[in-house]
Amino acid sequence: MDYSYDEDLDELCPVCGDKVSGYHYGLLTCESCKGFFKRTVQNNKHYTCTESQSCKIDKTQRKRCPFCRFQKCLTVGMRLEAVRADRMRGGRNKFGPMYKRDRALKQQKKAQIRANGFKLETGPPMGVPPPPPPPPDYMLPPSLHAPEPKALVSGPPSGPLGDFGAPSLPMAVPGPHGPLAGYLYPAFSNRTIKSEYPEPYASPPQQPGPPYSYPEPFSGGPNVPELILQLLQLEPEEDQVRARIVGCLQEPAKSRSDQPAPFSLLCRMADQTFISIVDWARRCMVFKELEVADQMTLLQNCWSELLVLDHIYRQVQYGKEDSILLVTGQEVELSTVAVQAGSLLHSLVLRAQELVLQLHALQLDRQEFVCLKFLILFSLDVKFLNNHSLVKDAQEKANAALLDYTLCHYPHCGDKFQQLLLCLVEVRALSMQAKEYLYHKHLGNEMPRNNLLIEMLQAKQT
C-alpha cells in the first residue's frame with residue numbers, strides 16, 4: 001500500500017535522486033525505483049554487474065546497471081518483505097504506523113514553515129526543546145587506565161586485569177536442540193550455563209576490582225515511548241557485565257600459570273559477552289513469549305550482529321579514535337592491532353571504527369541503542385518461525401518507537417531515524433565479515449576448543 005506525500009517539502013529519491021512520489025516499500029522513493037524494486041522482487045530477478053559492483057546510480061544512469069541499482073535499493077532501506085508475492089496492486093501494509101507518523105510530522109513542519117517563513121535547516125521547530133549535546137568523550141580515570149596494549153599480546157597485563165586465563169566453560173557436544181538450548185532452558189543437559197541475572201533487577205556476583213562507571217542510564221522523561229523505557233530497564237549495566245566477564249576469565253588462571261594466546265582470549269571474551277546477550281534476550285518482552293524453537297532461530301540469525309553492535313556502542317561511549325575499549329576495560333591501540341593481529345582483523349576493526357565515527361556524529365544515545373538492539377533481535381528476515389506475526393508486531397512497534405523518539409528529541413536532524421537504520425545495514429555487513437574471519441580461523445585450527453561462536457556458525461549452516 002502506497003501513502004501520499006506532500007510535494008511542498010522537496011525530497012529526492014535516496015536511490016537515484018529523482019523526485020519522490022510517495023512511500024514505497026519502507027521509505028520515500030521515486031515512482032521509477034518503486035516499480036523497479038517491485039518487478040525485481042516479484043519476478044525473482046538476478047542481475048550481474050559488468051564493472052566492479054560500484055556503478056553510479058542517478059536519474060540519468062539508473063537503468064545502466066540493475067545489479068547496482070537493486071543493491072542501492074536494499075542499502076538505503078527498501079524492504080523485501082513489503083512487496084506482495086501475489087502480484088496484486090499495493091504493497092503489504094507493514095509500515096502504515098510509521099508512514100502516518102512521518103507524514104503527520106511533515107505536515108506539521110510545513111505549517112511551521114508557512115507560519116514562520118523560514119527553512120527547516122535554520123533550526124528546530126518553535127516550542128521544541130533544544131537537542132541534547134553530543135555524548136562526551138568517555139575517559140578512564142588515570143588509576144584505571146588499562147595496561148599497555150602490548151601486554152595484551154606479549155604477556156600478562158600488569159593491572160587489575162592481569163590474571164586473565166581461559167575460562168573453563170561447560171561445553172559439551174551440542175545436542176539436537178543446538179548450541180543455545182542450555183542457555184535458554186537449562187533443562188537440556190548439553191549446556192549447564194543458566195541465566196546470570198534471573199530477575200530483571202538482580203545483580204550478578206561482584207568480582208573484586210576497582211569501580212568502573214559509565215554514564216547513568218536514562219530513567220525516563222517526557223515523550224519517551226513506553227517500549228524504550230522498558231528496554232532501558234532490561235539493559236544490564238556495563239560495569240556489572242564487565243565484572244562478571246572478568247571473573248569468568250580470571251577463574252581458571254588461579255589453577256594454571258600459563259597464559260592463553262591473545263586471540264584465544266578475545267574469543268573467550270566474545271563467548272562471555274554473547275552469554276550476557278542471550279541472558280538479556282531471555283528477559284526481553286515478546287521474546288520470552290515465543291516458543292523455544294523460535295527463540296533459538298532468532299538468536300542464531302542475529303548473534304553476530306548483536307555482538308558487533310555491542311562493540312560499536314562501547315566505542316561510541318569510549319570516544320577515542322586511536323584505540324578501542326574491550327569489554328574487560330582494557331584499552332588496545334589500533335597500531336597494536338595492525339602489527340600483531342593480522343591484516344584481516346585489522347581491516348575489520350578499522351571498518352568498525354568508521355561506523356563508530358558515523359554513530360558518534362549522529363549522537364547515538366542509550367535510548368536509541370537499546371531500540372536498535374531490539375530491532376536486530378526481531379528481524380523480519382528470519383524464515384521458518386512458528387509465530388512470525390508476533391515477531392512482525394514487535395518489529396513494527398520498535399520501528400515506531402524509534403521514529404517517535406528521534407523526531408521528538410532530535411528535531412534538528414529530521415532523517416536520523418533513516419540514518420540509524422542505514423547503520424544497521426552496515427552492522428550486518430560487519431557481522432558477515434566477522435563470521436567469515438572466524439570461519440577462516442576455524443579452518444586453520446586456530447580457534448580455541450569448545451568455542452561457542454564456532455558452534456553458532458555451524459548451527460546456522462546445518
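In case you wondered, yes, glycine gets a Cβ from its N, Cα and C as well.
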Residue among G342, G414 sharing the 1,2-diacyl-sn-glycero-3-phosphocholine site, where Swiss-Prot lists Y437, K441 as binders:
G342
Which is it, of 49-73, 99-123, 174-198, that Swiss-Prot names as zinc finger?
49-73
Under 8 Å between C-beta atoms and at least six residues away from its ends: which parts of the chain pack against the zinc finger (49-73)?
15-18, 29, 32-33, 36-37, 40
Can you break down the zinc finger (13-33) into helix, strand and coil residue counts using DSSP?
3 helix, 7 strand, 11 coil
Out of these modified residues, K34, K38, which one has the fewest other C-beta atoms within 10 Å of its own C-beta?
K38
Under DSSP, the zinc finger (49-73) has how many residues in helix, strand and coil?
8 helix, 0 strand, 17 coil
Can you tell me whether DSSP puts K34 (N6-acetyllysine) in helix, strand or coil?
helix
To the nearest Å, how far is the Cα of K34 (N6-acetyllysine) from the Cα of K72 (N6-acetyllysine)?
12
